[in-house]
Each structure stands twice: as C-alpha cells, then as structure tokens.
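Data first, discussion second: the structure below is written as structure tokens.
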Amino acid sequence: MNHSDTLSLSLELLQQPSVTPIDHTCQTIIAERLAKVGFHIEPMRFGDVDNLWARRGTEGPVFCFAGHTDVVPTGRLDAWNSDPFAPEIRDGKLYGRGSADMKTALAAMVVASERFIAKHPNHKGSIAFLITSDEEGPAVNGTVKVIETLEKRNEKITWCLVGEPSSTHKLGDIVKNGRRGSLNAVLKVQGKQGHVAYPHLARNPIHEASPALAELCQTVWDNGNEYFPATSFQISNIHAGTGATNVIPGALEVTFNFRYSTEVTAEQLKQRVHEILDKHGLQYEIVWNLSGLPFLTPVGELVNAAQTAILNVTGTETELSTSGGTSDGRFIAPTGAQVLELGVLNATIHQINEHVDVHDLDPLTDIYEQILENLLAQ
C-alpha cells in the first residue's frame with residue numbers, strides 16, 4: 001500500500017511511546033526533516049521535558065506551527081483492539097494513541113512546510129516550529145518555558161497555528177480562535193469535630209458551608225459575549241469526615257474550577273468568592289491556582305488565511321469557537337501573537353481506540369500549506 005508523505009510520517013511518530021513527559025525521539029524525527037529544508041534547530045530541555053524551537057528565516061513576520069509530541073497514558077491495554085503504539089489502519093481509520101491528539105497534525109505541519117519551501121525557497125518572513133513534550137502533563141517545563149526564552153531575546157511570533165484537534169463533525173468545520181481561562185481553588189472550611197449525638201459541642205463544616213456552596217453554584221458570574229459562553233463554576237471534589245457514622249467532621253475540603261470568559265478577570269472571581277464565603281461567616285482557607293488566562297484572536301490576517309484555506313480545500317465554511325479545555329495557546333497569546341487552533345476531528349481524543357480518518361490527513365496538509373501560501377508567499 002502506498003502511503004502519502006503525511007501518513008508515513010504519522011506512522012513513524014505514532015510508533016513512539018511518548019507518554020507525557022517523555023518525547024521518545026519524536027522531536028528528533030521532526031527536527032531531522034526540518035533541518036533538511038533549512039531550519040535552524042534549537043532543542044530546549046527544561047527539567048525532564050524536551051522542547052524544540054526550529055526556525056527558517058531571520059526576519060518578521062514569523063509564522064509558527066505549535067504542538068506537542070506527548071500523549072496521555074493508554075489506559076487498559078486489553079481494552080484496545082490493537083497495540084496503541086503499533087499504529088494500524090482499519091476501515092479507513094488510523095488507530096493509535098496520539099493519532100488525533102496530535103501526531104498526525106505534526107506530520108501534516110512538517111510536510112506542508114516542506115512543500116511550501118520547495119515552491120517558495122525565498123518566502124517572506126520566517127517559519128517556525130514550537131514543539132513540546134509537556135502539554136498533556138503539568139505544562140510547566142514546556143511551551144511556557146520556550147516562550148519565556150524567546151521573550152528574553154525579543155524573538156516574537158506574529159501568527160501561531162496550534163495543531164490541536166479542533167474539528168467536530170468534518171475536517172475544518174471548527175477552528176478555535178480563543179479559549180476560556182481556567183481558575184482552580186482548594187477550599188478548606190474549618191469546623192470542630194465531635195459526636196453526632198452532641199452537635200452543640202461541635203461545629204459541622206458541611207452544614208456551615210452548604211449554604212455558601214449553594215450560592216456559589218447559583219451565582220451568575222457573567223453573561224459571556226459574542227465569542228465566549230458565560231463563565232462556568234463547577235465543584236469537582238468534596239471531602240469530609242472520618243468514614244464513621246457517629247463523628248461530626250472537623251474540616252471540609254472542596255475543590256472547584258472556573259472556566260471564565262473575557263468579561264471577568266481572575267481577580268474579580270476571587271474577590272466575589274471571598275465575599276460570599278465571608279458573608280456566610282465561614283472559617284476557611286483557600287488556595288488558588290490560575291492555570292490559564294482567556295485569550296481571543298479576533299478576525300484578522302490569521303483567521304482569514306485559515307478560513308480561506310479551509311474553504312478552498314474542503315468547501316467548508318468554518319465556524320469560530322472558544323469552547324473546550326485549555327491548550328498551550330494560552331502561553332503564546334499573551335505575547336501578542338495571533339493564535340488559532342486547527343486540526344483533525346476530536347471525537348476520540350484520550351479514549352481507548354483513539355483514531356483519525358486517514359482521508360483527512362492529506363487535506364489537512366493542504367490546508368496548512370495554503371495558510372502558509374496566504375501569509376508568506378512572495
């Protein structure tokens with residue numbers, strides 16, 4: 001069976017068991033291909049994380065492909081129909097961990113760049129790749145550290161295309177031009193442990209906190225806007241008690257998360273939470289963790305280039321969206337870069353038997369190449 005360039009490179013990358021944060025030579029494979037077409041290769045290792053910054057050209061504007069080589073753990077191997085790191089094609093679908101998220105997109109980016117450079121060896125500006133093995137994990141030694149390094153030497157990205165699987169029903173139907181912010185908190189409410197038969201000698205933190213938690217759940221934080229849905233508050237964990245039926249717990253721990261729009265700031269959310277907790281007279285401690293700021297790329301050069309390319313290749317009028325979880329775009333957007341996420345279908349990401357339609361790989365490559373044409377062709 002003859003494989004296209006993109007499928008062949010995808011198969012090579014999918015054979016690497018690059019469970020986060022292990023890269024397992026994926027970046028070496030990519031770097032060797034890019035070096036052959038004139039990219040300057042700069043590996044950046046921080047802690048146990050491999051990162052790659054590759055650039056062709058020294059002038060602006062800079063178009064950057066961004067993505068990650070790490071994948072999530074496979075889960076139970078006996079639940080897979082085939083070895084997750086021995087990719088297989090069955091019924092027109094390519095199976096393997098990372099097939100959708102996001103090794104096939106990385107392959108498409110490399111092949112698209114090779115083809116564009118062959119046609120336009122003297123293209124304007126620069127083409128760059130920012131690849132990490134720390135997107136699926138803590139994301140502390142990956143893209144964020146590369147961006148910090150680039151910022152220190154005043155190396156700016158103009159446009160950034162992240163190859164996350166953005167499509168929903170067919171290739172290119174959705175592109176992400178922003179993401180909501182993510183704010184996490186661990187709330188500890190102090191009570192006084194005691195016997196359930198003597199509640200007057202104890203203070204039940206579950207009872208005391210319940211009205212405050214109910215108010216937090218019912219609060220309308222904002223109404224969203226044209227690009228973002230309303231801010232969402234979700235409690236993910238509650239823990240209290242010793243396991244005994246006759247003991248009033250001495251403390252309650254609640255974990256919750258905000259996915260928030262550009263209508264509010266993290267500081268405003270924190271302030272309102274404290275106001276509600278204080279109003280209910282709770283004795284508490286709260287630890288906040290901001291895991292991502294919201295970002296938005298309005299319609300402009302990058303969005304137009306992507307929409308035009310998708311329409312030309314697939315005939316699809318794409319829809320802009322900010323739904324879904326966080327991505328590494330949150331580290332790149334604050335530099336002033338226009339950021340867009342565009343990749344294959346996301347229906348099976350992180351699942352057993354993750355797969356992608358083989359017939360989407362070459363059109364995705366064509367879309368990426370046309371975006372380069374639209375922005376950097378002389």
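Each residue, glycine too, has its Cβ placed from N, Cα and C.
Taking the Cβ of ASP101 (Zn(2+) 1 binding site) as reference, residues of its chain lying under 8 Å away and at least six apart in sequence are, in sequence order, VAL71, VAL72, GLU164, PRO165, ASN346, ILE349, HIS350, GLU354. Annotated Zn(2+) 1 binding site per Swiss-Prot: HIS68, ASP101, GLU164, in sequence order, evidence recorded as sequence analysis.
Residues near ASP70 (active site) in space but far in sequence (CB under 8 A, at least 6 apart, same chain), listed by position: SER18, VAL19, THR20, PRO21, ILE22, ASP23, THR132, SER133, ASP134, GLU135, GLU136, GLY137. Look at Swiss-Prot and you will find ASP70 tagged as active site, backed by sequence analysis.
Sequence annotations record features per position, and here Swiss-Prot assigns Zn(2+) 2 binding site to ASP101, GLU136, HIS350.
Annotation source Swiss-Prot lists active site, proton acceptor at GLU135.
In sequence order, GLY67, MET102, ALA105, GLU135, GLU136, VAL162, GLY163, PRO165, SER327, GLY343, ILE349 are the residues of the same chain, not among HIS68, ASP101, GLU164, whose CB sits within 8 A of the CB centroid for the Zn(2+) 1 site. Within 8 Å of the centroid of the Cβ atoms of ASP101, GLU136, HIS350, where the record puts Zn(2+) 2, the same chain has further Cβ atoms from VAL71, VAL72, GLY98, MET102, ILE349. In the three-state DSSP reading, ASP101 (Zn(2+) 1 binding site) counts as helix. Look at HIS68 (Zn(2+) 1 binding site): DSSP puts it in a strand. Around HIS68 (Zn(2+) 1 binding site), the same-chain residues at least 6 positions away in sequence with a Cβ under 8 Å from its Cβ are MET102, ILE131, THR132, SER133, ASP134, GLU135, GLU136, GLY142, THR143, ASP328.
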